[in-house]
Structure formats: structure tokens, C-alpha cells
């Protein structure tokens, strides 16, 4: 090999001193050179600084140019999409802000380590639990995935094991591990995996308490082994390692029957003159009862104490009344009526839904006990024939929906462009 004293003019890295024959690539600058090994070393140094939060790391969609939104800003954004639920929105805003602030300050010089605060959402069906989680993920621009707790089983049994949740999260961000490790996971129907009784069962409960046990480490923070590109696990396979420590887990459920447990606890009184007297039927609504929930109530319902301990932030959602459902139909940024009006506008037709019709839709949703989730099915059924016939019709300018269309299934009012003609049917 030639050296510095030979006739051959060798080029050397200005940083490490290696010759062009000792490295794969030498990059030239103005009177200086750098080898590929030094470039890789520089990249490693910069990457380590970013992970410590000293170099403007992007966390949760925030950066030096786009700082993490404050709790009030998070709440204001949620207000655009979700009606009511003030307590839940405030609780979530603070919890999410603190979670991503914790990631910003990770690797600080002091010894204080900030623990993760996962969230438990308790509220009736159709009250907005899933929408809250989706809206948060959209605002923060982080990967988001919804997992159904009822499909989960213990590892080794038929069904999806808990690590499949992380696999879905990876798929959402094209297997970018760093991005996935800052994501949000919403586990729906968490109440459906409650154990069958308060006492430990002799028989194995693979889809109830077994799943709760499997979720413990995942929620608290562990390194999950995920098959690459969505494949199944098999021996001699390389796995993708995902650290769940910084993933925010939000669990939600309707918890049907929890109100009875809370009422039983609150009605228990002492004996004698000093006992607190309480009425057996104090007329408390589901909303007020849920606001009084204690960890012991959720444990009695069937979630294990260890899981409750890993979900320290509890946010309860209110029952939606008629006024709230009417507002949901019209006020949010992506309100249901606005969606259908947009759909009709693609046919150059204006859609008008009269206030009386909105009231009937809200009343029917209340009667079905489906909350906001039932609004779309009611409106879809009422407009099905119209949406079927409208693309084939000529010169329709406006479609008007009143209460009879919703209640009795009557045809909407059609207003035509030419001559201002009016037709009652298609």
C-alpha cells in the first residue's frame, strides 16, 4: 500500500487521517476531505443530541417552529369538533400537554423522572370518547390507532395478542419506529374485558382478565417485539423492537352497570344518630354518578387494580341530551348536516334541514340510546331514496327536509330551477 512518502499522491480524511484506500468514500471540500466513516459518526452524534431534546427534536408534531399547543389551545381545537364534554376536554388537554411536555424535557440534568399519565375515558355510548382521541391525534400530528379490546386474547390463543396493537401503529406510520414511539393508542371497549367476578377464577379467562394482565406492561412501558411488515410471528425471525414507554394510551368504555355500583357505594350508611342519611333514589343522573366514580368502583366492575393504577387520569363524559344532539348535528366543524350539504352540493343541489327535523332526529337517537353515533343512521335512512334518485334528476335546485320526512318517511320537498317549480316527490 502506498504511504505519504510514495510518489502516488494519496488523499487523506482531514478528521481521522485515514487514506482514500482505507475508507469506502472520501468527500472533497475546499482543501479538506471527510470520509464516509466520519460522516456516519457525525450523524450518530447529532441523532443522540436530538433524542435528548437538545437539538429541536420534533415531538408530537411540535418543534421549535411549531411549539406544543397549550392546554387552552388544545381545548379550543377540541371545541371545534366536539360539543359539550367540558370536563373531559379540560382533563384530556392537561394530560396530553403534560405527556408531550414530558418528552420535551426527557434527558434533563436533574434526577426527577416524570411518569407517564395514561387516560381512562368513561362515558355512555355515542358520547364522543373515540372522537376526542381522534381529534387529539390530528391536532398533534402523531400516529394514531384504534384497537378493539374485545378482539384481544392472551398470546398463544386464537385472536389478536396485545402486541398486534403496536403492529397497527407501525403500519400507520410506514414502520417509522421513532414516529410510532410518540403515537397515541386508543383502546376501545375496555370495559368488555372485565373479569367475570371479583374473585380470581380457577379457569383461565383468556379474553378478560388474561388480556388485562397482558396490557399491563404494554401500557406502562416495555419493548414490544413486532413482526416486520405485518407478518406472523415464527421462529428464527427478526423482529422490530418498539419501546412503548412514550406511547400515550387512552382507554375508553361505556361501563354499563357502573352507575349501579357507584349508587350502592354512595347509599351505604352507618347505624345510629351520627349516620349520614341519604335517599335510596336521589334522582342522580348517569352523568352525576359517573363524576363520583372511585377506583374501587371500577375494580368492582371487573378491571384489575394493576390496570387501574396504570390509568391514573380518569375523565368522565356526560350523557348527551336533546339540545346537545341538535348542536352536534349543526355546529361542529365537520357536523353531520354540513357533511350531507357538502355531498348534495357535489350534485349542485342545496340541502336544507329544518329545525323541526333536527329535533325529531335528536329525539329518535335518544330513544335508541345510541347517542351521537345514531344520528347518521337516522339521517341516512331518511335521505336514502333522495340520494338514489337525485343524480338522475334534472334542474333540482334545493331539497328541503322537514319533520315528516324523518317521522313518517315522507318524500322531501324538491325545488326546481326553471320557473321556480315545486315538487313533493321525486
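A Cβ is built for glycine as well, from the same backbone N, Cα and C atoms used for every other residue.
Model, not experiment: these values are computed from the prediction.
Annotated domain 'ClpX-type ZB' per Swiss-Prot: 1-54, in sequence order. Positions annotated as Zn(2+) binding site by Swiss-Prot, on the basis of sequence analysis: 13, 16, 35, 38. The ATP binding site feature in Swiss-Prot is assigned to 124, 125, 126, 127, 128, 129, 130, 131.
Distribution of Swiss-Prot features across the structure.
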| residue | record | Cβ neighbours (10 Å) |
| --- | --- | --- |
| 16 | Zn(2+) binding site | 13 |
| 35 | Zn(2+) binding site | 24 |
| 38 | Zn(2+) binding site | 18 |
| 124 | ATP binding site | 21 |
| 125 | ATP binding site | 16 |
| 127 | ATP binding site | 29 |
| 128 | ATP binding site | 29 |
| 129 | ATP binding site | 25 |
| 130 | ATP binding site | 16 |
| 131 | ATP binding site | 19 |
Q.
Just to verify a number: CA distance, residue 126 (ATP binding site) to residue 16 (Zn(2+) binding site), in angstrom, no decimals.
A. 63
**Q.** residue 131 (ATP binding site) versus binding-site residues 13, 16, 35, 38 - nearest by Cα
**A.** 38
Q: Find the one among the binding-site residues 124, 127, 128 whose C-alpha lies closest to that of residue 13 (Zn(2+) binding site).
A: 128
**Q.** Neighbours of 124, 125, 126, 127, 128, 129, 130, 131 excl. site residues, C-beta within 8 Å of centre, ATP
**A.** 123, 252, 254, 317, 371, 372, 373
(Q) Of the binding-site residues 125, 127, 129, 130, which one has its Cα closest to the Cα of residue 38 (Zn(2+) binding site)? (A) 130
Q) What is the separation, in Å, between the Cα atoms of residue 130 (ATP binding site) and residue 16 (Zn(2+) binding site)? A) 55
Q: Quick one: of the binding-site residues 125, 127, 128, which has its CA closest to the CA of residue 16 (Zn(2+) binding site)?
A: 128
Q | DSSP three-state assignment (helix, strand or coil) for residue 128 (ATP binding site) | A | coil
**Q.** 8 Å Cβ shell about 13, 16, 35, 38 centroid, Zn(2+) site members excluded
**A.** 14, 15, 17, 18, 23, 26, 33, 34, 36, 37, 39
Q. How many whole Å apart are the CA atoms of residue 124 (ATP binding site) and residue 35 (Zn(2+) binding site)?
A. 62
Q) Is residue 35 (Zn(2+) binding site) helix, strand or coil when read with DSSP? A) strand
